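Colleague: The structure under discussion is supplied below as structure tokens; questions concerning it will follow.
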Amino acid sequence: MLRASGCLLRTSVAPAAALAAALFSSLARCSLLEPRDLVASSLSPYFGTKTRYEDVNPLLLSGPEAPWRDPELLEGSCTPVQLVALIRHGTRYPTAKQIRKLRQLHGLLQARGSRDGGAGSTGSRDLGAALADWPLWYADWMDGQLVEKGRQDMRQLALRLASLFPALFSRENYGRLRLITSSKHRCMDSSAAFLQGLWQHYHPGLPPPDVADMEFGPPTVNDKLMRFFDHCEKFLTEVEKNATALYHVEAFKTGPEMQNILKKVAATLQVPVNDLNADLLQVAFFTCSFDLAIKGVKSPWCDVFDIDDAKVLEYLNDLKQYWKRGYGYTINSRSSCTLFQDIFRHLDKAVEQKQRSQPISSPVILQFGHAETLLPLLSLMGYFKDKEPLTAYNYKEQMHRKFRSGLIVPYASNLIFVLYHCENAKTPKEQFRVQMLLNEKVLPLAYSQETVSFYEDLRNHYKDILQSCQTSEECELARANSTSDEL
């Protein structure tokens, strides 16, 4: 619950089906619907990995439980026989580290307010004073946990997928669902909320029981799949714990684009520029995103930045994702081979069972992980690769880049493999086809831009990864000195 101008906005527990309507209705009642309140939506496309799922799929604002069927999805004589989905957790709280930085910035503004009484140069109440008085409701215990909005993300995704693929999510198949999750609570809670959404699909109108009481039982924790990066010694040594691996991130923080924002924000908030740094700017920007995503409200933190600032801050976030999870270092993506191979083992088994006229043992496999799970896998498959690497020095040249993490892995993002069996196939090869969906939209093949592939062709294209990429070898540290594989 958030207090704004004397009104209480009860948005944190409102059904997401009415998110937009409830928000604007509440704002109108509280006399807050001013032109400046549109800033939140104008900044929303630039929040990177803190982006709301509905900002990537705006149709969900009006119907979050109704599936949107991509016209490119196969139908007719081709029947889906298996679905393998990799799903990022839903909307979450900031981490404890982010909350501590926000508390530091908030304290800086409060100290500034006590010095000058919170008045601007004209004597009017200024933005710095408004931020000093804005309730700092984040607490350390929150530490990246799933919020109620995140549970809604998952329940509604379950309802949409069950409606889009009714044969796969049939009541008969419910007991054959396979759920795998990261050990992080936000992922475990996301998988539980997804199951509750399926219960709602099967038993409309009835409140779902605890997951432990469902016939299916709790999901299986498997960090070697969902958090493969934590189990890769080469990645941990050469990237995660390497002080120079994120050189371009640190260089951009002190570059002209970020320094211009730093000076502007210092002037706006009337604090010494030396008291601010790029990390504090980023936490202020993300606080705007958290308030919007978690509570559905636009806070004064959003007024600190304009769209040009947001684009620069988005690039800073994308630089980190690029060099730590994407194409920056080969090990980032190669460490995900084990997950990629696991997906194809499921598909292989389904093809084999169908060829033998046996029932598919696992028609639906749902795997709950992180943005850090999805980005390396998509990079391994060749998606969202720009001609030139993202660096600290080519921000303007990369304005139209493919690698934009907010469009790829927002909260509740999902990569789905759908295996089809086609009855009227002329050859055995044509019997099995595959489509991929990213965030519920058909994802063209990275190597051909076609929207569907014969399964055999897809497998052949990724033959090297499936046959030659051994995690134990990829993640083993070199015995002798070797050169960096920086792009």
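Note: Cβ is positioned from N, Cα and C throughout, glycine not excepted.
Below, the features straight out of Swiss-Prot:
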ACT_SITE  H89  active site
CARBOHYD  N242  N-linked glycosylation site
CARBOHYD  N481  N-linked glycosylation site
MOTIF     484-487  motif 'Prevents secretion from ER'
SIGNAL    1-30  signal peptide
Colleague: For the residue listed as 'active site', what residues in its own chain, 6 or more apart in sequence, show a Cβ-Cβ distance under 8 Å?
Modeller: L146, G150, M154, S182, K184, R186, C187, D189, S190, F368, G369, H370, Y411, A412
Colleague: In sequence order, which same-chain residues at least six apart have a C-beta under 8 angstroms from N242 (N-linked glycosylation site)?
Modeller: none
Colleague: Over the motif 'Prevents secretion from ER' (484-487), what does the predicted model average in pLDDT?
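Modeller: 52, rounded to a whole number.
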Colleague: What does DSSP say about N242 (N-linked glycosylation site): helix, strand or coil?
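Modeller: Reduced to three states, the DSSP call for N242 (N-linked glycosylation site) is coil.
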